[in-house]
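Enquirer: Sending over a structure as structure tokens; questions will come in a sec.
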Amino acid sequence: MTIPSFVIGIAGGTGAGKTTVSRLVTQNLGDDVTRIPLDNYYEDRSELSFEERQEVNYDHPSAFEWELLRDHLETLLEGQPVEMPQYDFEVHNRKDERTTVEPTDVIVLEGILALHDEAINGMMDLRLYVETDADVRILRRIRRDVLERGRDLEGVIDQYLSTVKPMHERFIEPTKGHADLIIPEGANSVAVNLIEEKLHAEIEGNAMRNWERGSLERELAEKRSPDLDADE
Ligand SMILES: Nc1ncnc2c1ncn2[C@@H]1O[C@H](COP(=O)(O)OP(=O)(O)O)[C@@H](O)[C@H]1O
Ligand SMILES: Nc1ccn([C@@H]2O[C@H](COP(=O)(O)O)[C@@H](O)[C@H]2O)c(=O)n1
């Protein structure tokens, strides 16, 4: 059983480069790391019509199911797997299927409000905030939402002005105050390399701890077995 030893949070505005940073720092770590996109914890909105779901403010903290996310992180930290929801941006709702996530040495939580919740911040060992200028972020978002999330230009602009920008200023930007490190301009290679090295070291240290725990458990079991034989 793997008990995760290192939880890292990556927050920042839309288009800042959170997903890119998270992908780059974990791409060489194989199965020792689990990436948890906060987007998967958007509330289930099946009770609403598609038109109603289009009107939801997805940048307000109330858009997320924090209780479920806390529960899943706690479960992973106890060494147990969870059934993670999946999100579909094209229909503004959760998918029907879930993915089984096994506990791994390192867990990366990534999303606009990854540093918002006090209890979740308390579970993290490293809190990062990716900071990129708003004009760069909106340009990236337009391209991504049109090409990958089934949106049109007018819709992206309306949403940006009505909710994305004001919520960024009110809720997302202030979480920078909870960060241990601020990464300027997204995926800068110096920051990415340093974080990757740190995660490598954590994984090696945790492998040793898990091995020691395993051999201690085996030793105890061997010591107990003569008594068990005697009882039989
Ligand atoms: N440093 C960068 N330089 C150029 N493009 C980038 C950079 N970082 C991210 N992008 C691009 O910007 C878009 C948004 O990046 P992403 O990592 O998905 O941001 P976020 O997860 O913060 O919304 C993607 O298309 C990505 O390829
Ligand atoms: N149905 C939804 C749900 C969320 N959004 C937007 O996604 C943004 C967060 O994702 P990033 O990858 O950009 O960090 C957030 O700003 C929401 O506005 C959406 O458009 N539709």
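Each Cβ is built from the backbone N, Cα and C atoms, and glycine gets one as well.
TrEMBL lists these features:
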- 7-187: domain 'Phosphoribulokinase/uridine kinase' (DOMAIN)
- Gly12, Gly13, Thr14, Gly15, Ala16, Gly17, Lys18, Thr19: ATP binding site (BINDING)
Enquirer: For Thr19 (ATP binding site), name the DSSP secondary structure in the helix/strand/coil scheme.
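Expert: Helix, per DSSP.
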Enquirer: Please check each of the binding-site residues Gly13, Thr14, Ala16 and report the ones with a CB atom less than 6 Å from an atom of ligand 2, ordered along the sequence.
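Expert: Listed by sequence, the hits are Thr14.
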Enquirer: Identify, in sequence order, the residues in the chain of Gly12 (ATP binding site) that are 6 or more apart from it along the sequence and have a CB within less than 8 Å of its CB; answer 'none' if there are none.
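Expert: In sequence order, the residues whose Cβ lies under 8 Å from that of Gly12 (ATP binding site) (at least 6 apart) are Lys18, Ile112, Tyr129, Val130, Glu131, Thr132, Ile172, Ile183.
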Enquirer: So, in DSSP terms, is Gly12 (ATP binding site) helix, strand, or coil?
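Expert: Reduced to three states, the DSSP call for Gly12 (ATP binding site) is strand.
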Enquirer: Check each residue in the chain of Thr19 (ATP binding site) that is at least six apart in sequence and keep those whose C-beta is under 8 Å from its C-beta; list them in sequence order.
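Expert: Listed in sequence order, they are Pro37, Glu110.
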Enquirer: Given the binding-site residues Gly13, Gly17, which one has the fewest other C-beta atoms within 10 angstroms of its C-beta?
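Expert: Each of the binding-site residues Gly13, Gly17 was scored; lowest Cβ tally within 10 Å is Gly17.
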Enquirer: Same chain only, sequence gap of 6 or more: which residues have a CB within under 8 Å of the CB of Gly15 (ATP binding site)?
Expert: Thr132, Val136, Arg137, Ile138, Leu139, Arg140, Arg141, Arg144
